[in-house]
Each structure stands twice: as structure tokens, then as C-alpha cells.
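According to TrEMBL, the feature domain 'F-box' maps to 7-44. Marked as domain 'KIB1-4 beta-propeller' by TrEMBL: 63-356.
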């Protein structure tokens, strides 16, 4: 073959077996080479989609494939120093650095999308961000200021990322201190601030699906905001959850740690509770609740959905693999990290695990001292 052979012009019959022989990571990278490769890639035998682990520490990182029990050591060149994980979607991470500069980075291609600075471009509310020295700073209003530090990106972190890797469209939202909600989408040169202090209302969690942002508020209601137009508009009449707050009275031996919402493939909302049961022994559990539209009441259910699973805190359910992957990744499973569990004076066997809804048992993964997050390579 000539040294000047243009690989982008290989005929489909030659290119297809080449792509199908690649490692999982290179297989998904192949669709990004050019439009011709993407066309051939769509005709290849599809790889099963299931959660992987992103393991990171300072400037080192690796990707763990539980299906092949294989670690891919990688350097994410698009990730800046002193950056913190906020959310993931498909191959992409939402990160923020110590200057409160948000960006999206693709773990396979290392492409980075820098989002607008929060120092100059916040609309909607009266808040503005003022940096303090070289790192962090304050959200300032006329009568108050609140410190921003890396602590807000720990166990109480709540953010959502959605991105279409083919078109480049994306949407980002994150909650600060349960009182401030910030959103941004492609095409805008600013952040939008949703302010709730005057309404004595806070935000506990959020999820995004089909151009709609679902908000779980501190009074246990579900709000829906439509972002399909030029300006976001709250849905009231079309919101079936509007006047039906979630109610669950925990038993005296139950300690609720976190509340999260997730959108099923049907578009219905699930509320997920992470709790600690102290009865005969300490047991970490996840409860799932769904609205019964006949009674208009939230009811506990024993299923995530038909052939669905979820990553706790990721906002949407996932199609489960046809066969169990690794240790417990299957239909009805919940992937979590240690921050998702009640952890006061408790040492866990690992940084992450999988909860089986059918048996209420946890399978832990190999122990690592590094931070770990779940993501789904190739998911879109």
C-alpha cells in the first residue's frame, strides 16, 4: 500500500473488520475520525453499553472496563490542574477548576469545551461571582456573600451534563448550596441563575431529558423547566407532578442520606433514596418510588423499569446489558460511589459498588485509594 494512502477513503468492506478488531476505547474513537468512518462504524457489530469506572488522582487517571476486567491507563490532556469532577454523560466529563471555570472534556479524544466565565456572565438573578486571589471566591449579592470552595464539589455535589457528540449541542446545570441553580446551553455566552431564597425554597437534585430540566425541590415537589426555546419556561399545566409532593416517613431505624431523581426511558420520574437501616445490623439500601397516576401518590416500587439500570445521581436510566457484566451490572442494578452512602464512622471495602435491587445486596469492586466515578462509554 502506498505511504500516501488516505485511510479515510478505505472501502467499507476493508474498514469494517479493522474497526471491529479495535479495543473498546479505540472502537469508539473510530467514529470520530471522519464522516466516512462514522458511516462505516454505524454498520459494525455494536459493543454492549454498560458502566465503566473513571479512576483519577491529581494528574493520573485510568479507565476500568468491568466487562473485560481491564484497566486502560490514560492521561487526560484536556483536564486542567486543580480540577474537580461535577458530572458525566457518555464519553464526556463536566469539570470545574479552582477559579470556578467550568469546562467539558471528552475522555476519548481529549477535546475540551470551555464554558463562559462566571465572573462576567450571569443573568436572571442578582448574584455575581467575585474571585478571591488565584483560587475560588464568593457569590456576592447586595446584602450577602457566600464562600465558594472545593468543599461544595464533594458529597453534596449536584450537577447534570447532556451532550450530543455528533452535533456538539450541550446543556449544563449545577446547584450551589441548595439555594442557587445555574444553567448554560450551547449558543449562549452567559449562565442563567435561578434564585430561590425569597421563596424559601431550595434545590435538592436535578435531571435533564429531551430539552427539559427536572428539579427536585426542598419541599419535595418536582418542577419541570423547558429549555427548547430561546428562553427557559417553567411547565405547570403539563407537569403531572406539580401538585403531588413526594412523601415518605422514615422508620425510626432508617436514616436517609440522599434523595435523587432519575428519568426513565418512558419519561416518567423516579425518586431514589439512599439510606442506612439500623435494625439487627447496619445495612445500606436504596429505595425507589414512582408516581401512581391513578391515585396521584408516590409508591415504593421494586423495579427500575424494563431492562433498565441506573448510576446513582446521573439523572437518567440506562439500558441494562443483556447479560450480567462484571460483578452485578445487570437489569435492576444501581451503580454508586462511596459518597452516595451514609458514611459516618463507616469504612467501606471499596470506592464503588453495585446494589442489586432484587436482593438488596451490594457487590463491591476492587479496592483503590483513588477517586472513582461511573460513566458509560459510547452512551449518547
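Each position is counted from 1, following the chain as shown.
Cβ from N, Cα, C; glycine included.
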Model confidence for the domain 'F-box' (7-44), as mean pLDDT, reads 87
From the DSSP assignment alone, can you count helix, strand and coil residues within the domain 'F-box' (7-44)? 26 helix, 0 strand, 12 coil
